[in-house]
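Student: Got these off TrEMBL a minute ago, pasting:
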{"type": "ACT_SITE", "residues": "A:180", "note": "active site, nucleophile"}
{"type": "ACT_SITE", "residues": "A:345", "note": "active site"}
{"type": "ACT_SITE", "residues": "A:378", "note": "active site"}
{"type": "BINDING", "residues": "A:249, A:379", "note": "substrate binding site"}
{"type": "DOMAIN", "residues": "A:67-381", "note": "domain 'AB hydrolase-1'"}
């Protein structure tokens, strides 16, 4: 028998981590809502109890004014940097020996410099990585919530994050930052808690999803909910709706890449040899890639969480802070704002980011906007680290804690 | 009891057709391959028997040189114009009292003027509208082919169409024309039978599908084949894989519209009232639209046919006529060629059509290329009739039979 703890230590010993890493990380848990203090939700309901999983990197200074909150995207988690010391214990093999999802941005000397900043990342409400979600026990039944979980919103996520920040004794954040759905959370922070955010970094995101984006999410949810294993969300004791979730993820991956990056990466290359195999199965490399993405996703993500999080993505509309008027909403903002889009991102197109930049300018807010030339599509927020770093460093330098 | 024939006559009587219609149409059937004369396929197999359903409009002149072959797209059929007189008899309620799919282009005085031309449209091999396909009886078993149907290609379709043309006593076509997958057939005609096509009209199409297009088809087929009702394609005596096919069609519809047309048509409008319903079901108008498209499609299309036809779409590569070199392929062409793309088409982007236009020019072929400014996306080939008509009329006029 392999001793998992011993094996983990061996791995740690045999894989010395690079000098600019935050090192081995351990997730924390905090109960941020209970019966005496339930979390109010945008849908009108309340939820309790709520546990939140989060990680921190670097040290909170005495003035408690060097904290940066990192916001994750759809399928992300609190493990944003370093290597998880608990991958085995938490039964998350996909985290094992892999750096956190934004490790190239967070660490000693990196953009979010852990020598200077206290960096926090928490898993969102409704997800499946330690924070309360549809797979958590419903206190009314003792069974997993399933579809009895309330519909949550980006606003709810941020409201819960505010509780975490208060729990950590932080009044004002040095910055909030995220890409994609994480960018919408950063924007929501600046709108919902104007006095508590010094600066907001909104990347590969927008004030709201386009009709096309809504359409992709609708097809993804259709695939999940029509999988017979779905059973109205009560699949936790049976086989999960893996086929539907895999289809949803395959589809999502198309929207994360650009047409040009797909062409460069796969083109029309066949997996076996030079020509058609004359069958209906996987014959092109791009098909194999998508199948792999779909199949590996189902091992690490909960189908119900996918439904709830895409729904929150659908519902988000920053202009609702101004009764549908984005200018009116922007007037609330007190933070400095950095907006970054990527030229080939077609899920959250640059045009939409530019509109937000113009609205913020019209309201005489402190806004910087950059459209990075990139062929990587939406995924660029994870890949164009060098260009992104330059922008983030410059932006954070202006009024730093140093 | 309703008498369907009487009812049909009533409908005919109470709905006088407009003057520029080809009128009531009746599909024909022809057996174009039998044991003595099987149809050879690109995959190396042969198929027999093969029946083809086709319709014709206008009259073949004595010289037999006024025939135009119209090629349909993925989910199309032979009923390109007029009103079907056999919708009830053939149990095709979706055709009832509806004009054919390109009715606005085909008829007396229209672009494909049936006062001058003899217009033919046939259902493609592998489809489910009267031409032999996976739902047809396999002569070896007497049962529907299902996945025992051979993998067919655009080349095979055109080879079968050539038999139909010969069967009708036509040596040389005045023109071949089609949009999308129909455009690829038109191109294939010009490549495979250079001496038999006077002119080719290729609309909203390209020499081959992009990696992104392959990816969308892969997800669509994944949705169909992972539907438990699919049963390896042997579902003809049971419930069909409707959920998977609906998902595939929903997805396809996103690629047929442009982002801008979706925004204009649906935006972020909610179906009921002004704000979120806080549920996971259909809440936005665009979701309702897609659900409707998906659900109505399963009533009129066979899931296996969807697999085979999208596979043919994947495999098509006009450059294979030149061993991967499009210029070398183009040198075969003797027809005059009209290429039309639409500015907002992202399934077959204008850029790809332009490349073909340039290749044809390099080979000193007679080519006209127009990129129509349209917000309708790929669907524009069915919608931008006025602009398209101008181009087609002008192109056909140059060397007409008149």
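Cβ from N, Cα, C; glycine included.
Note that TrEMBL annotation is computational and uncurated.
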Student: For residue A:379 (substrate binding site), just count the other CB atoms lying within 10 A of its CB, please.
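Tutor: The Cβ of residue A:379 (substrate binding site) has 22 Cβ neighbours within 10 Å.
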Student: Looking only at the domain 'AB hydrolase-1' (A:67-381), what is the mean pLDDT?
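Tutor: Reported value for the domain 'AB hydrolase-1' (A:67-381) is a mean pLDDT of 97.
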Student: What recorded positions in the list A:249, A:378, A:379 lie within 10 angstroms of residue A:345 (active site), counting C-alpha atoms?
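Tutor: Those close enough are A:378, A:379.
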Student: Roughly how many Å separate the Cα of residue A:378 (active site) from that of residue A:249 (substrate binding site), to the nearest whole number?
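Tutor: Each residue's Cα considered, residue A:378 (active site) and residue A:249 (substrate binding site) end up 15 Å apart.
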Student: For residue A:249 (substrate binding site), which residues of its chain lie six or more apart in sequence with Cβ-Cβ distance below 8 Å?
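Tutor: Those within reach of residue A:249 (substrate binding site), by Cβ under 8 Å and sequence separation of 6 or more, are A:293, A:294, A:297, A:298, A:301.
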Student: Of all the active-site residues here, A:180, A:345, A:378, which one's CB has the most other CB atoms within 10 A?
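Tutor: Of A:180, A:345, A:378, the one with the most crowded Cβ is A:345.
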Student: Just to verify a number: CA distance, the residue listed as 'active site, nucleophile' to residue A:379 (substrate binding site), in angstrom, no decimals.
Tutor: 9
